[in-house]
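Annotated in Swiss-Prot:
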BINDING   Cys19, Cys22, Cys37, Cys40  Zn(2+) binding site
Amino acid sequence: MPSTKPPKERPYGKSKIRCLRCGTREAVIRKYGLYLCRRCFREVAPQLGFKKYY
């Protein structure tokens, strides 16, 4: 098997934004400065005061 290079670090863009809790780069919610992925957001939403997720 050929060896593969790690992905190039980007100085800006979607690949730079990470979830503060788990570190994933997929589905990050940036609104209100949350910077959480949707999965982490669902877990901590009640503590943050989002009533829809009680």
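Just so it is clear, glycine is given a Cβ too, placed from its N, Cα and C backbone atoms.
As the structure is a computational prediction, the values presented were derived from the model and not from experiment.
The most densely surrounded of the binding-site residues Cys22, Cys37 is Cys37 (count of other Cβ atoms within 10 A of its Cβ). Residues Leu20, Arg21, Gly23, Thr24, Val28, Leu36, Arg38, Arg39, Phe41 surround the recorded Zn(2+) site, their Cβ atoms falling within 8 Å of the Cβ centroid of Cys19, Cys22, Cys37, Cys40, which are themselves excluded.
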